[in-house]
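Taken verbatim from TrEMBL:
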- B:8, B:9, B:10, B:11, B:12, B:13, B:14, B:15, B:51, B:52, B:53, B:54, B:62, B:81: GTP binding site (BINDING)
- B:50: active site, GMP-histidine intermediate (ACT_SITE)
């Protein structure tokens, strides 16, 4: 029951590689846990493109907030796509860093195979506005938490995932 | 006839390392294919600084858009400096992602030694404006395309290029 | 007398790893050279959080500008936390890239063990405003300078420091 993190920039190819990774290592059809909540036209197009690329390989379920409860019910390996969107949802609904940390710690202790996908957003210039800085901070700290508990961590650039742990 | 990608952030040192790489592996004087089109004072200064660092080691040619035709004519190894600027030019002139993909695919199938230089721009916060997001998306997807067809891929940080493929 | 660079994005975990690195390799209590100058409430909170994480393991000294003179006096290994803040201070006080380059070159030639911490800020979209671009440029060029003279360079993502030199 392995935990794995795929981290990388926007359009780095981390999602596709995470999908191929979980498909290659699962005997049963894995579960695609979509954390998306806020849908505009642009995001819907991205989601549709993602769905096409998944085809029938995954069972798709959706949960924007209560990941632990959802994952607890899963009977096969789970791809959490993605943690960054979940952080966004949690902040929007007034949850704190401590809440997110607690939720993730519970998941990381579960006897389940979970693959986390997360945007690396901390390598650009420090954002002007305080909210964006808070998001970068929380994202970075939770990345560290997840990576510290994962068996394998992959960093993706230009579609190439390099194992760093 | 090898294809190589050097990817890295702004001022990461990727260009200099790509130059040294192509110089070390070429018997004939390699060709520096400059994709620059839009020139302001700041950019001109950057270009001049780049030119000084190249000295007489390269034959320099310029082409902002039609890379395939230009590369087709080249008789020695080609350094494309840089793909990011070319994407910028292509978007400005109304070309689509599909056009760029097609152009790059044709180049990647050529029996030529080509070294591509590309800015990694996807690891900061997601940009506020839709145009910048579109640019990041296209850049990321084309990075994946190029890397998938390259024999070698190098990621550069602080002047240090690490081979990731 | 080793020189080491820890580079990574915001909240990548580079500071903690740099601290653990210098603590593990020093017989004497190492020196934490804080370069912070401008303090607002948010920054003060970050500093306090950092201080708590250091506890009594370090001797802390502060110097926003004249790093060479300060380091010259140090009797044990020095952690420079961080170079990015120092660049910021130097620019604010009217110093140029050439000044910073000269100061760093002098430090890098000292017969002292120094660990540099530096923000990787060049992998996002190119900033709109010229000042931010200048900062990214200077930061990138100084990163290259430091890395070229260091014995070891570590890139940190999600708390995982990978040696790249």
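Easy rule for this one: first residue shown is 1, then count along the chain.
Cβ atoms here come from the backbone N, Cα and C positions, even for glycine.
This view paints the features noted in TrEMBL onto the structure.
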{"residue": "B:8", "record": "GTP binding site", "DSSP class": "strand"}
{"residue": "B:14", "record": "GTP binding site", "DSSP class": "helix"}
{"residue": "B:51", "record": "GTP binding site", "DSSP class": "helix"}
{"residue": "B:62", "record": "GTP binding site", "DSSP class": "strand"}
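Taking all protein chains in view, 23 other C-beta atoms sit within 10 angstroms of the C-beta of residue B:10 (GTP binding site). Applying an under-8 Å Cβ distance to chain A, the binding-site residues B:8, B:12, B:51 reduce to an empty list.
Checking the binding-site residues B:10, B:14, B:51, B:62 against chain C with a Cβ-Cβ cut-off under 8 Å leaves B:10.
Remark: residue B:12 (GTP binding site) has B:120, B:156, B:157, B:158, B:159 as non-local neighbours, by Cβ distance under 8 Å and separation of at least 6 in sequence.
Residue with the densest Cβ environment among the binding-site residues B:14, B:51: B:14, by other Cβ atoms within 10 Å.
Taking a C-beta cut-off of under 8 Å and a sequence gap of six or more, residue B:62 (GTP binding site) has these contacts in its own chain: B:33, B:34, B:35, B:36. In sequence order, B:14, B:119, B:120, B:154, B:155, B:156, B:157, B:161 make up the list of same-chain residues 6 or more apart from residue B:8 (GTP binding site) whose Cβ falls under 8 Å from its Cβ.
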